[in-house]
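Student: The domain 'Wntless GOLD' feature in TrEMBL is assigned to 13-191. Annotated domain 'Wntless-like transmembrane' per TrEMBL: 192-461, in sequence order. Annotated transmembrane segment per TrEMBL: 198-218, 230-247, 267-285, 297-317, 342-372, 393-417, 437-458, in sequence order.
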Amino acid sequence: APSPTTAVPYMSVKCIDVRKNHHKTKWLMPWGPNHCEKLKDFDEAVSRQIEANDIVFAVHIPLPSKEMSPWFQFMLFIMQLDIAFKMDNDLKENAEITLDVSLAYRDDMFDDWEEIAHAIEIRKLKCTFGSPKTLESEGRHYDCDYLPFMEIGSVAHKYYLINIRLPVNERKGINVGIGEIKDIRLMGIHQNGGFTKVWFAMKTFLTPSILIIMVWYWRRITLMTRAPVLLEKVIFALGISMTFINIPVEWFSIGFDWTWMLLFGDIRQGIFYAMLLSFWIIFCGEHMMDQNERNHLLGYWKQVGPIAVGSFCLFIFDMCERGVQLKNPFYSIWTTEVGTELAMAFIIVAGICLCLYFLFLCFMVFQVFRNISGKQSSLPAMSKARRLHYEGLIFRFKFLMLITLACAAMTVIFFIVSQVTEGHWKWGDITIQVNSAFFTGIYGMWNLYVFALMFLYAPSHKNYGEDQSNGDLGVNSGEELQLTTTITHVDGPTEVYKLARKEAQE
């Protein structure tokens, strides 16, 4: 697949709008048959006595002779201001710029523009000037950080138009002390159509695969005369959350203007993360082989509780950003000091917690391995058939535990990297290049892992009788016993269960 996203730079065109009632009268086009009257620079505006309030920065998306497509899935825009230094118009410290922004769309080059959103937004300018502020430095540009500008969760139309005004009101102090703005540049980021098609194809293929194994797995459990144990229920719940993230509802975004798809995708992924992290804790706990009372969810409230609280906090944070953007695409939590600090704190705390969680998981897996190694000392006393059977079973179990750790490590890395990738446009410096193999690889890994768990942990209905252990190699029965140590057969505990518990060594 091609890389997940593409960034396209846009330079705004300075249009003259000298009509009294500025807004909602006419959209100003930067080029084309009905283009606006343009200004080369602000010196020309001064010589023609055109005021700042009569200048509109116009950006047409996409570039001439191109079209936008629903396959692009979303549009994210960041803004960069070209501000020149002037002795008599210096940039104040902690200056704020007020933007009067409007967004419109059309699907034909000759249709009228239809408004999507209009807002008055304030952005904080963070700029540095490398040279001394003297007369010789006049005309040199400040080095300014990117500003978050706009995000839309669907690309349902072919053409978009942005009109930006910088209203000046000296009495109220609006757009005063922001330096001499020369140009406004926008960087548009959207998902690649080719990557979207590969992503959709994967989801469409994987959904029935997981559904089929889920039905088969639950049918095997219901055939048992006993009630399902905690581990079986949790594996099934993990399968449900994987199916939820798999279902390719994104196909509808090609035909419908569903701007909430980004938020919906975040919620689906959040539910899956919470389920996966909780599953790993319970999975290791159920194999700890200590004498604690297990096999019920309350026994894990100390470990699962923080995961639920963390997931809820991330959901609230997401609603504060993407939830508000459904009404106002120009809104960003990163525009205020408090918002930026909160957002950064959320991401940093989430990253630290995930790393601590991974270390705790490693510790649990180490304990499970140590306990299993202790039980292996009783293997030589068994008959050859039974020894081979348990050696194979323990080997497969250890292998699955290591796969679990690898899967956990990749998931933690994926979460942190995806947060940084999404955030670097908003806070500037950090850039991580993520290719499509990383996204599709992690997603495929989750599906294979869930598939393998259901396949390996489906209960067997055949009993491994004592008569088979006398000289018989017992290959078939060795394969038929389930992996878990806590599942019991109709006629009492399985051999693995008895082997694993401490009283078995008495």
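The first residue you see is number 1, and the count goes up from there.
Each Cβ is built from the backbone N, Cα and C atoms, and glycine gets one as well.
Remember, it's a predicted structure, so these values are computed and weren't measured experimentally.
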Student: Residue list, the transmembrane segment (437-458) vs rest of chain: Cβ under 8 Å, 6 or more residues beyond ends.
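Tutor: Distal contacts: 1, 4, 198-199, 202, 206, 209-210, 213-214, 216-217, 220-221, 231-232, 235-236, 238-239, 242, 246, 272, 276, 396, 400, 403-404, 407, 410-411, 414, 417, 482-484.
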Student: Checking distant contacts: for the transmembrane segment (393-417), what same-chain residues at least six beyond its ends satisfy Cβ-Cβ under 8 A?
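Tutor: Those are 273, 276, 280, 283-284, 287, 350-351, 354-355, 357-358, 361-362, 365, 368-369, 372, 375-376, 432, 434, 438, 442, 445-446, 449, 452, 456, 478, 481, 483, 496, in sequence order.
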Student: What average pLDDT is reported by the model for the domain 'Wntless GOLD' (13-191)?
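Tutor: Its mean pLDDT is 85.
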